[in-house]
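Asker: Encoded as structure tokens, here's the structure I'll be asking about.
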Amino acid sequence: MQSYIAVNIDMASLKMLICVCVAILIPSTLSQDSHGIGWNNSPHDTASMDVGKISFSEAIGSGAPKEPQIRNRIFACSSPTGASVARLAQPRHCHRHADSTNMTEGIAVVFKQNIAPYVFNVTLYYKHITTVTTWALFSRPQITNEYVTRVPIDYHEIVRIDRSGECSSKATYHKNFMFFEAYDNDEAEKKLPLVPSLLRSTVSKAFHTTNFTKRHQTLGYRTSTSVDCVVEYLQARSVYPYDYFGMATGDTVEISPFYTKNTTGPRRHSVYRDYRFLEIANYQVRDLETGQIRPPKKRNFLTDEQFTIGWDAMEEKESVCTLSKWIEVPEAVRVSYKNSYHFSLKDMTMTFSSGKQPFNISRLHLAECVPTIASEAIDGIFARKYSSTHVRSGDIEYYLGSGGFLIAFQKLMSHGLAEMYLEEAQRQNHLPRGRERRQAAGRRTASLQSGPQGDRITTHSSATFAMLQFAYDKIQAHVNELIGNLLEAWCELQNRQLIVWHEMKKLNPNSLMTSLFGQPVSARLLGDIVAVSKCIEIPIENIRMQDSMRVPGDPTMCYTRPVLIFRYSSSPESQFSANSTENHNLGILGQLGEHNEILQGRNLIEPCMINHRRYFLLGENYLLYEDYTFVRQVNASEIEEVSTFINLNATILEDLDFVPVEVYTREELRDTGTLNYDDVVRYQNIYNKRFRDIDTVIRGDRGDAIFRAIADFFGNTLGEVGKALGTVVMTAAAAVISTVSGIASFLSNPFAALAIGIAVVVSIILGLLAFKYVMNLKSNPVQVLFPGAVPPAGTPPRPSRRYYKDEEEVEEDSDEDDRILATRVLKGLELLHKDEQKARRQKARFSAFAKNMRNLFRRKPRTKEDDYPLLEYPSWAEESEDE
């Protein structure tokens with residue numbers, strides 16, 4: 001609501017005020033609640049109407065000229081009888097605007113959103129394996145192949161590293177469902193000390209065991225392996241909501257730094273299997289640089305595909321905070337406005353606006369540090385500056401300011417004011433009640449974001465709006481103080497002018513009361529009050545002006561005002577005239593008064609003057625009389641108008657709260673580039689490890705899902721029997737898959753291919769030898785079975801006995817050879833007989849077994865013949881068959 005006051009005052013009194021008011025262009029509120037006198041326009045009043053009460057602004061409001069014009073209305077006024085009286089108001093107390101401002105002094109601590117990442121120390125354990133193949137031919141070696149990889153170190157070896165500072169030269173690792181071993185320089189395993197690396201930075205230190213690899217030999221190919229055990233001290237960084245962290249090496253670990261298995265609340269984020277994560281209590285770590293053993297702490301270990309990482313276990317609420325202290329303000333002022341508080345920070349030239357309800361800080365997630373930090377800062381400021389002059393008033397209050405700033409405010413009260421307050425409370429026999437603190441439940445701002453674990457304050461990146469708020473508040477305070485002074489001066493001026501009006505009512509009460517009421521009235525002074533009667537409007541056609549202003553019968557006397565004859569109209573208003581209604585058509589003698597008023601009677605006379613020239617207002621125009629005779633009618637526009645009216649439109653500046661306008665959010669600024677570094681690094685690390693889950697290799701699907709689905713089908717449809725059958729199916733499938741996987745792995749090995757090639761060549765050679773033996777057996781079985789029994793072809797015949805001198809000796813030698821040959825033949829026949837007999841028995845047993853199995857599957861009933869045992873094959877029958 002806006003109210004304006006326009007009052008006609010003299011030029012000299014407001015010459016200074018004009019210059020000030022021209023500069024004030026901001027609209028606000030100004031109301032004046034003056035009380036005065038006015039009409040009670042009831043149609044049941046008498047001819048002289050009683051005066052009721054109207055406001056002073058209503059009385060003088062009609063005097064503000066919208067456009068300079070003269071009303072074409074004429075009124076007839078009767079002499080007041082005293083039935084309606086009025087009085088002028090007394091001077092009033094002038095209010096000062098500055099007295100209404102409620103200010104509270106105190107100490108403020110301003111918090112902002114903590115956008116800094118959480119930084120903590122980690123230790124990286126891994127073995128760097130390098131396999132190099134070189135070629136040399138009595139010349140400089142050439143590298144033909146190189147393979148580099150990193151493998152994690154198991155927990156038991158990490159314990160040895162942290163205790164003794166030594167690491168093994170052997171690396172055992174698992175890749176593609178197989179275990180591998182690597183040895184440094186292809187030598188036997190040994191313990192090597194960890195020595196500092198020359199490559200260091202402010203955020204990382206490294207220790208390793210070797211930097212030398214035997215890469216070549218003088219002649220031929222050489223494949224050499226080096227195993228370097230590396231331990232790195234790094235800084236890791238994690239940002240809210242702390243679901244992963246990154247290291248200076250560029251590696252990212254997809255687990256929260258606050259992850260723990262033993263927790264009662266919701267578990268933190270992790271994509272690793274439980275067996276990869278270890279929590280060790282009272283673990284001691286040796287500083288490899290100084291050799292000192294650190295105090296025991298709870299230690300976390302995580303085994304990744306390429307490294308093992310260790311860090312100290314931490315409590316999330318004790319380690320991180322979503323808010324951080326921005327500034328401390330020893331002299332802060334809280335100004336109370338209609339709907340908000342303004343916290344003015346004079347030293348920082350900033351002002352923050354907030355709601356009037358304190359903010360419930362327990363709603364914030366990970367903001368337990370705020371009360372502690374605020375209390376420590378306020379205690380320090382109070383002890384240094386206010387302990388001897390002020391006392392604290394109430395507890396620390398928190399307010400959420402515009403732009404996402406949390407304000408901790410401690411109210412202060414001077415010793416003198418506090419003593420007066422206590423004395424007043426004791427006098428009233430009760431202690432002062434503190435203002436009830438209400439929580440701002442449900443109050444939402446653009447700076448407060450809700451989450452599953454609690455709310456979080458997001459702070460605007462710029463505080464320019466707070467500086468603008470401070471500037472506006474300073475200008476507002478200055479302008480409002482100036483306007484307050486103007487209003488006070490205006491009030492005092494009205495009081496002084498009221499004294500003048502009291503004196504004017506004694507001289508010309510008609511003009512005074514007409515100007516106050518804004519309409520023609522007739523007034524007469526009755527002691528200290530004024531009798532007032534209302535004037536009746538006379539239509540201009542009911543008025544007849546006379547041309548001469550001379551008094552009939554006396555040539556020396558003339559009328560000072562033009563004379564006229566008028567009559568009241570037949571309108572309902574005529575009933576309020578002094579004449580009766582039945583005489584309304586009779587002419588009434590009168591004179592033209594000031595401001596289009598008709599004076600009943602012709603009592604205003606004066607001695608006639610020479611060169612008389614007068615202008616009298618009638619309706620909208622003026623009547624010109626010269627030598628007391630009407631000359632002509634003059635238009636009002638022909639006469640230059642001089643106005644002394646000055647408008648005073650004093651407006652107080654409104655309360656205005658500046659809010660931050662963020663053109664580009666942080667997310668938009670972060671996404672302005674083509675690539676997002678965090679997303680690229682995380683994707684690259686995940687792609688290099690080739691996992692969907694950290695332990696599920698993409699190419700490691702062996703078809704288990706199909707057989708598992710079959711087993712579930714049996715279990716769901718056949719019940720317990722189906723579950724047992726499904727277990728059998730899964731077992732058989734696992735055996736088949738393992739066999740096939742083993743064969744596939746064997747065939748994929750290059751040594752297996754070489755072994756298979758050698759086996760094929762050996763088999764071919766053995767086959768050719770067997771084929772040659774069979775062909776020789778078919779062509780000459782006696783020679784093959786009994787070598788030497790028959791002389792080979794081309795052997796000269798044995799000489800006859802006649803060529804020998806000693807015939808008896810020759811005959812004896814021949815008989816001996818025959819006996820030896822016969823013995824060999826008999827032994828060979830005996831062996832053949834035994835082999836045939838053995839084969840016949842095996843055949844008979846197999847036939848009986850096959851017959852029994854057929855009867856068993858066919859469920860053939862037993863007969864009496866089946867109860868008799870088979871007769872054994874007699875030995876004499878076998879001998880007869882042989883014969």
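The backbone N, Cα and C atoms fix where each Cβ goes, and this holds for glycine too.
Dumping what Swiss-Prot says about this protein:
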- 806-817: compositional bias 'Acidic residues' (COMPBIAS)
- Cys77-Cys535: disulfide bond (DISULFID)
- Cys94-Cys491: disulfide bond (DISULFID)
- Cys167-Cys229: disulfide bond (DISULFID)
- Cys321-Cys369: disulfide bond (DISULFID)
- Cys558-Cys608: disulfide bond (DISULFID)
- Asn102: N-linked glycosylation site (CARBOHYD)
- Asn121: N-linked glycosylation site (CARBOHYD)
- Asn211: N-linked glycosylation site (CARBOHYD)
- Asn262: N-linked glycosylation site (CARBOHYD)
- Asn360: N-linked glycosylation site (CARBOHYD)
- Asn579: N-linked glycosylation site (CARBOHYD)
- Asn635: N-linked glycosylation site (CARBOHYD)
- Asn649: N-linked glycosylation site (CARBOHYD)
- 134-140: region 'Involved in fusion and/or binding to host membrane' (REGION)
- 216-223: region 'Involved in fusion and/or binding to host membrane' (REGION)
- 428-457: region 'Disordered' (REGION)
- 694-748: region 'Hydrophobic membrane proximal region' (REGION)
- 724-744: region 'Hydrophobic membrane proximal region' (REGION)
- 791-817: region 'Disordered' (REGION)
- 868-871: motif 'Internalization motif' (MOTIF)
- 1-31: signal peptide (SIGNAL)
- 772-883: topological domain 'Intravirion' (TOPO_DOM)
Asker: For Asn360 (N-linked glycosylation site) and Asn635 (N-linked glycosylation site), what Cα-Cα distance in Å is obtained after rounding to a whole number?
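Answerer: For Asn360 (N-linked glycosylation site) versus Asn635 (N-linked glycosylation site), the Cα atoms are 75 Å apart.
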Asker: Find the shortest Cα-Cα separation between Asn102 (N-linked glycosylation site) and the recorded positions Cys229, Asn262, Cys369, Cys558, Asn635, and name the residue that gives it.
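Answerer: Out of the listed candidates, the nearest Cα belongs to Cys369.
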Asker: If I take the alpha carbons of Cys77 (disulfide bond) and Asn262 (N-linked glycosylation site), what is the distance between them in whole Å?
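Answerer: Given the Cα positions, Cys77 (disulfide bond) is 101 Å from Asn262 (N-linked glycosylation site).
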Asker: Sort out for me which one of Cys167, Cys321, Cys369, Cys491, Cys535 has the most neighbouring CB atoms within 10 A, since those are the disulfide-bonded residues we care about.
Answerer: Cys167
Asker: By a simple count, how many Cβ atoms lie within 10 Å of the Cβ of Cys608 (disulfide bond), its own Cβ left out?
Answerer: 17
Asker: Mean pLDDT, the motif 'Internalization motif' (868-871)?
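Answerer: Across the residues of the motif 'Internalization motif' (868-871) the model's pLDDT averages 43 on the 0 to 100 scale.
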Asker: Counting Cβ atoms within 10 Å of each candidate's own Cβ, which of the disulfide-bonded residues Cys77, Cys229 comes out highest?
Answerer: Cys229
Asker: For Cys167 (disulfide bond) and Asn121 (N-linked glycosylation site), determine the Cα separation and express it in whole Å.
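Answerer: Cα to Cα, Cys167 (disulfide bond) and Asn121 (N-linked glycosylation site) are separated by 22 Å.
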Asker: Which one of the glycosylation sites (Asn121, Asn360, Asn635) has its C-beta surrounded by the most other C-beta atoms within 10 angstroms?
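Answerer: Its Cβ has the most other Cβ atoms within 10 Å: Asn360.
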Asker: Three-state secondary structure of Asn635 (N-linked glycosylation site) from DSSP?
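Answerer: SS state of Asn635 (N-linked glycosylation site) = coil.
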Asker: Out of Cys229, Cys369, Cys491, the disulfide-bonded residues in the record, which is closest to Asn262 (N-linked glycosylation site) when you go by Cα distance?
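Answerer: Out of the listed candidates, the nearest Cα belongs to Cys369.
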Asker: If you count CB neighbours within 10 Å, which one among the glycosylation sites Asn102, Asn262 has the smallest count?
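Answerer: Sparsest of the glycosylation sites Asn102, Asn262 by Cβ contacts within 10 Å: Asn262.
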Asker: Validating a neighbour-count step here. Other CB atoms within 10 A of the CB of Cys558 (disulfide bond): how many?
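Answerer: Neighbour count, Cβ to Cβ under the 10 Å cut-off: 19.
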Asker: Taking just the CA atoms, what is the gap between Cys229 (disulfide bond) and Cys491 (disulfide bond) in Å?
Answerer: 91
Asker: Considering Cα atoms only, can you say which of Asn121, Cys321, Cys369, Cys558 is the nearest neighbour of Cys491 (disulfide bond) among these recorded positions?
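Answerer: Smallest Cα separation from Cys491 (disulfide bond) among Asn121, Cys321, Cys369, Cys558: Cys558.
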Asker: So of all those recorded positions, Cys535, Cys558, Cys608, Asn635, which one's Cα sits nearest to Cys369 (disulfide bond)?
Answerer: Cys535
Asker: Look up Cys229 (disulfide bond) in the DSSP assignment and report helix, strand or coil.
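Answerer: Cys229 (disulfide bond) sits in a strand per DSSP.
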